[in-house]
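Notes to accompany the following structure.
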Amino acid sequence: MFGLDGFGARASAPQLDFKFSDDAEVYERELDRLTTGQGPVSFELETAEHRPAASWHHAAFHTVTAVVGAGVLGLPHAFSFLGWAAGLLLLTLLCGFSIYTSYLLAALHEAPGGERLNTYREMGAAILGAQRGKLAVATVQYTLMAGLCITYSVTAGQSLKGVASEECDGKDCQEGMGVWIVAFGAVQLLLSQVPDFHSLWWISLLGAVMSCGYCSIAIAMSGAHAAAHGPSTDLRHEGLSTADRVFGVFNALGGVAFTFGGQAVLPEIQATLARPPPTVQTMMRGLTLSYVVVILAYYGVAVTGYAAFGAGVGADVLLNLKEPAGLMAAANLMVVLHVAAAWQVFAMPIFDAVETAIRRAMRSPPRPLAMRLCVRSAYVAAVTLVACLLPFFGELMGLISSIGLVRAMAPACLAGWQPITFILPPIMWIKARAPTGAELALNLVIAASCSLIALLSLIGSARNIAVLAGEFSLFN
């Protein structure tokens, strides 16, 4: 088994001689031995009291919750800058890339000898080298996941205010969101006490059902609006300056890419799966179901929302739908429940890493409940504070996706940072499996094209956030 060394894995580490046991005293003694420097600690050992026992449908719940994020409601807004042809082409390409890179991560999860690489950082360290796995994979992955938690907190605040205010539209909905973001943070304080990833399955099931629910409402109501009033003929932002349109296109690229951020936790999801059969088979069954949902939801929301409202569509298409009021309130509540579940899916690997580091560093680590209460409450509080300072839903989608997609541009960071969502899986596949011919070309094309998308998105998002930074008041 690959053992964890800090953030990464050592391919040369010896196999652990740890035996799973129902005897709590035996488990605690073994855990204490291994966390005091007598041997490496593996992800399976850290969760030995919850042996990997999940099935393909558990993986599907987690993946739908992680991939079908609230960013899908921003696809019509992205199309309003890209237009029909470019929007559909980009969505199709990224959907295909996402399916392919998800398969690559699933296939790389089990090394040829049968060892399981149970976290993204462990996989990166085993394939790319321990140092790069520590500094590049872990740093970028945690930045991306923290960014998604912040974005989802903003989304939840906007949706909660949409339920409470009949005049919630555009800037009017952004102002005064701080109270609602704090309320959502209070919910996360409770949910964050769930012990581990597999224990989240029922929360992920709720999140998956809610994401299907609000996407269905958005599709049905947008389609009904287009049928009643005719498709919108105002498909471009004609009133904007050339600079605003160009940077809007850049940001729209990231808005579409943002909707495919679930790869950040796919290895951790696969780590919960039981063997036999090999987990790649089980994971692909779950991914197949999840991507059926992805395709139906993404194309449905993007096409109907843009057709109904054209350039007038909001960063969240639900903001354009007012009647019936009860149904719209239900859709906004579904968004809140879904992002509450997705928040936990993206936060759990961070919780695991921090708590593992504490256990390794302390001779007598605190009891799990006390440690969870302190560590996770501090994280929830920090994310909520940052979310209150950055309530720019549309721009956050592009910025966070750029963090996950492209290496840092600063020269000092070039050597250590690697992209996490679309680019790292092909790079790891090339290094681990040495493909040739068309397969090699495909992986290189995915890595290069997504790097360009990410760079343009980063530029557009940063510029738009700078322009909007002084325009909102959170608590007035």
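Backbone N, Cα and C atoms are what each Cβ position is placed from, and that goes for glycine too.
Listed in TrEMBL:
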DOMAIN    54-441  domain 'Amino acid transporter transmembrane'
TRANSMEM  85-106  transmembrane segment
TRANSMEM  200-226  transmembrane segment
TRANSMEM  246-266  transmembrane segment
TRANSMEM  287-309  transmembrane segment
TRANSMEM  329-352  transmembrane segment
TRANSMEM  373-393  transmembrane segment
TRANSMEM  405-428  transmembrane segment
TRANSMEM  440-459  transmembrane segment
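The transmembrane segment (287-309) makes no contact with the transmembrane segment (440-459), as judged by fewer than three Cβ pairs under 8 Å among residues 6 or more apart in sequence. Under the criterion of 3 or more C-beta pairs below 8 Å, with sequence separation of 6 or more, the transmembrane segment (246-266) and the transmembrane segment (200-226) do not qualify as touching, having fewer than 3 such pairs. Counting Cβ pairs under 8 Å to the transmembrane segment (200-226), the top-ranked stretch among 85-106, 329-352, 373-393 is 329-352. Listed as Cβ neighbours of the transmembrane segment (373-393) (distance under 8 Å, sequence separation of 6 or more from its ends, same chain) are residues 74, 146, 149-151, 153-155, 157-158, 174, 177-178, 181-182, 184-185, 188-189, 192-193, 315-316, 347, 350-351, 354-355, 358, 366, 464-465, 468, 472, 474.
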